[in-house]
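To start, the structure itself, in structure tokens.
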Amino acid sequence: MTLSFEILEKDIAGRIGKLSGQGKIVKTPTLLPVINPHLNLIPPKEMQEMGVEAVITNAYIFSRSEEYRERALTDGLAKTLDFDGVIMTDSGSFQLSVYGEVEITNAQTIAFQQAIKSDIIVPLDIPTHPDSPREQVEQELSVTMDRIMEAKDIADHEHHTLAGPVQGGLFPDLREETGRRLSEAGFRFCPIGAVVPLMESYRYAELVKVVMAAKRGLSPAVCVHLFGAGHPSMFALAVAMGCDLFDSAAYALYAKDGRYMTTHGSYHLNELSYLPCPCPVCVGHTAKELNESPDRERLLAMHNLRVSLAEINRVRQAIRDGVLWELVDERCRSHPALLRGYRTLLGYNEELTALDRETKRRFFYRGDESCKRTEVVRYHQMVGRLTAGERTLISFSRHIKKKQTEEYDSVFYFKPPFGPFPAELTETFPIGQSEIPDFDEEMIKTGCIGIARLMETNPDSHFTIRCRPVWKDLITQILPTVEVQDEGS
């Protein structure tokens with residue numbers, strides 16, 4: 001089965017999409033819970049009742065299992081797992097990253113994954129550790145690409161979707177080039193691999209650089225899977241970068257360790273006096289009861305998975321409403337490392353602007369980071385297309401008397417962080433749908449970028465800015481050729 005990927009809605013680089021084939025449909029973005037047949041805390045059938053549309057399991061574990069190997073070969077994964085959604089299999093690369101070797105070849109794992117009727121199959125790529133030196137990364141990437149192309153030659157593309165993993169360590173040029181080669185080779189499902197160590201050590205800024213480099217090389221039509229991303233606190237950030245699917249065993253691993261997941265971090269269950277969640281597990285138990293329950297691990301896994309699935313829906317709604325930046329901002333303020341990742345992503349705002357939608361439901365100013373959002377970048381690009389008269393007034397106040405404007409050929413108002421706008425744009429996005437608090441220095445500086453752009457494209461105009469006295473020195477410093485007057489003069 002070759003899955004097709006259709007993009008339905010977008011915000012920033014995030015997409016709501018649909019993976020479909022042979023009657024199976026997966027809405028994206030989505031989470032693929034990891035299924036270990038030997039440690040089945042939540043049966044896949046029960047997951048499906050919770051809204052899970054796709055899962056991932058490890059083909060290498062099945063191939064080595066006396067209990068499950070023959071069942072999977074005889075009945076197929078869908079019957080063995082009792083799950084009729086999309087099933088993806090990992091080749092054994094996870095074991096390769098943990099143990100350094102696996103007793104299976106690339107051709108063997110492709111053949112086995114097809115034999116057990118996996119929907120999405122993965123070649124035996126080498127998940128090079130992010131801190132590996134470039135020479136090692138290049139050598140292992142070369143082996144990975146050879147294996148991917150070997151898999152492409154031998155795979156049954158009519159009945160299976162072959163994934164093309166994007167490796168390349170921390171080197172953006174290698175990630176980008178790999179993504180480009182995979183897209184040119186026709187791959188339409190590409191996981192970004194070997195990033196779990198970055199997430200485990202909270203290196204989100206580096207994660208952003210890796211993902212953005214890979215995305216730069218990949219075709220926009222490619223469905224992008226972020227291997228091993230399983231904590232709900234970072235789903236919004238990952239989706240904003242353009243990741244469509246995630247997989248993780250975190251829901252179960254955290255439960256085994258007694259950790260309780262939330263969208264802003266995790267708690268050890270024995271530290272909680274109250275359960276801040278309305279899921280059935282939390283409504284039906286106090287923190288003490290849950291901690292002392294003989295079924296604690298399973299119940300905690302149920303909670304963790306429900307929290308993760310709810311966050312996926314929250315991200316989808318944010319995309320639909322055009323407010324994904326605000327959800328990213330909210331989530332990334334839960335930890336300094338996530339905030340670093342958020343700020344790093346904003347450094348790609350020019351690239352993201354080209355992918356973002358043009359109009360949105362609203363713009364809420366939430367701090368300095370809002371000044372670098374794509375809506376602001378796009379407005380600064382647009383403002384250069386406006387025409388200014390020979391004598392132009394830019395007023396920081398909307399309340400000016402007609403006699404104060406009579407000597408000017410054109411009048412613009414000022415709304416930071418966007419900048420100058422004519423009265424005709426008052427009700428249009430983003431001017432009319434943006435909410436900002438009292439002016440602050442950073443938003444004024446950013447708004448002045450818009451003024452500078454208007455001046456640049458209207459070189460014959462003489463500009464006068466009227467503002468409160470508190471801003472005069474700052475504006476004179478940023479725009480030294482502009483005449484600055486006090487409001488009311």
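Including glycine, each Cβ sits where the backbone N, Cα and C put it.
According to Swiss-Prot, the active site, nucleophile annotation covers D90. Look at Swiss-Prot and you will find D125, A194 tagged as substrate binding site, backed by sequence analysis. Here Swiss-Prot flags C277, C279, C282 as Zn(2+) binding site, drawing on sequence analysis.
A sphere of 10 angstroms centred on the C-beta of the residue listed as 'active site, nucleophile' encloses 28 other C-beta atoms. The number of other Cβ atoms within 10 Å of the Cβ belonging to C277 (Zn(2+) binding site), over all protein chains shown, comes to 17. Summary: among the binding-site residues (A194, C279, C282), the fewest other C-beta atoms within 10 A of the C-beta are counted at C279. Same-chain neighbours of the Zn(2+) site beyond C277, C279, C282, judged by a C-beta within 8 angstroms of the site's C-beta center, are, in sequence order, L275, P276, P278, P280, V281, V283, H303, R306, V307. Note: the Cα of A194 (substrate binding site) and the Cα of D90 (active site, nucleophile) are spaced 13 Å from each other. Spacing of D90 (active site, nucleophile) relative to C282 (Zn(2+) binding site) is 33 Å (Cα to Cα, whole number). The Cβ of D125 (substrate binding site) has S91, S93, T144, R147, I148, P165, Q167, G193 as same-chain neighbours under 8 Å, each 6 or more residues away in sequence. Under DSSP, D90 (active site, nucleophile) is assigned to a strand (E or B) in the three-state scheme.
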